Amino acid sequence: MPSVRKYRRETTEISCCLKYLLFSSNVVVWTLGLCVLAVGIWAWNEKDMFSNLAKLTFIALDPAFVLICTGTITFIIGFTGSVGALRENTCLLSLYALFLSLLLTFEISLGILTFVLKDKGWIKDQATEGLRAFIIHYREDPDQQNLIDWIQEDWLQCCGIDGPKDWDSNNYFNCSSSAIGSREACGVPFSCCRRRPTEIIKNKQCGYDVRKEGYNYEISKIIYEKGCVQAGEEWIERNLIIISTSVIILIFIQILGICFTQNLRADINAQNRNITDKYHPLRLATARRHRPLPFRTSTNLIFTHGYSLGK
């Protein structure tokens, strides 16, 4: 009995679960980045920054500029990941993995740098310079004004860098500004004021004259006396576990994204190689040479060899 040779059919399939997991997650990232970018562009347009770039001061501390940069990076990463996964484009998937790797490297380097320099005062000095720039340009940029108000009133409940006296470096709140008729002279912004439990409408004049000599009320009951640098350090110490956990989860998600992308690229490349090998000219010729002959009936054999049924 002739032996029957069995051939194993080599097939590779791309994981649909992995493909659409990358696609759906990056669509969310893509959409989020587009929204952040749109908000940043809208904020710059409202300040008329595109037609007057000379107004830019401390561009790295401009909230609108930070939103534009963050939105652009997020948009590019989400676009390459979602389109690359949906179209099974290995080039876009390679760019996506590269962007995630660069972002991961930057975050790890920043974490190491923060850990090394935290006891040398460099980070505190940078925070101090940033807050000082916010205080000096408080009335010049509405975005920076809203940001410093949010930090002082809602986030840290603080006032100034080291205390309320730091607002003397602003032209409007400087005590010498009373000579030119500034009502805010020797005062602080309303965001330095303590909110009363029964207060429904914010009192925007609560910080007037609080730094003036002979002020009739107890300052500690009216405004915050703690500086924002000290308040920020205390906030980090209180929430150190939450911050560390969030950073670890973020890094883990990025590593997972890189691994998933590399697995998807490997599946796509393997399938492309199999298709190329299957339709390669040499392989097709070999397949034709080993193709079994078609079944022939006895009648066909007789007529083929020149015999008739009557003979």
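Using the three backbone atoms N, Cα and C, a Cβ is placed for every residue, glycine included.
As the structure is a computational prediction, the values presented were derived from the model and not from experiment.
TrEMBL lists Cys158-Cys186, Cys159-Cys175 with the feature disulfide bond. Under the heading transmembrane segment, TrEMBL lists 20-44, 64-86, 93-117, 240-260.
Around the Cβ of Cys158 (disulfide bond), the number of neighbouring Cβ atoms within 10 Å comes to 27. If one looks beyond the transmembrane segment (20-44) by at least 6 residues along the same chain, the residues whose Cβ comes under 8 Å of a Cβ in the stretch are 50, 63-79, 81-82, 85-86, 96, 143, 257, 260-261, 264.
For the transmembrane segment (64-86), the residues of the chain that approach it from at least six positions outside its boundaries are 19-20, 22-23, 25-41, 43-44, 47, 49, 92-93, 95-96, 99-100, 103, 143, 257, 261, 264, judged by C-beta separation under 8 angstroms.
Taking the Cβ of Cys175 (disulfide bond) as reference, residues of its chain lying under 8 Å away and at least six apart in sequence are, in sequence order, Asp168, Ala185, Cys186, Arg211, Lys212. For Cys159 (disulfide bond), applying a Cβ distance below 8 Å and a minimum sequence separation of six or more within one chain yields Gln152, Trp167, Val188, Ser191, Cys192, Ile223, Tyr224, Glu225, Lys226, Gly227, Cys228.
A sphere of 10 angstroms centred on the C-beta of Cys186 (disulfide bond) encloses 21 other C-beta atoms.
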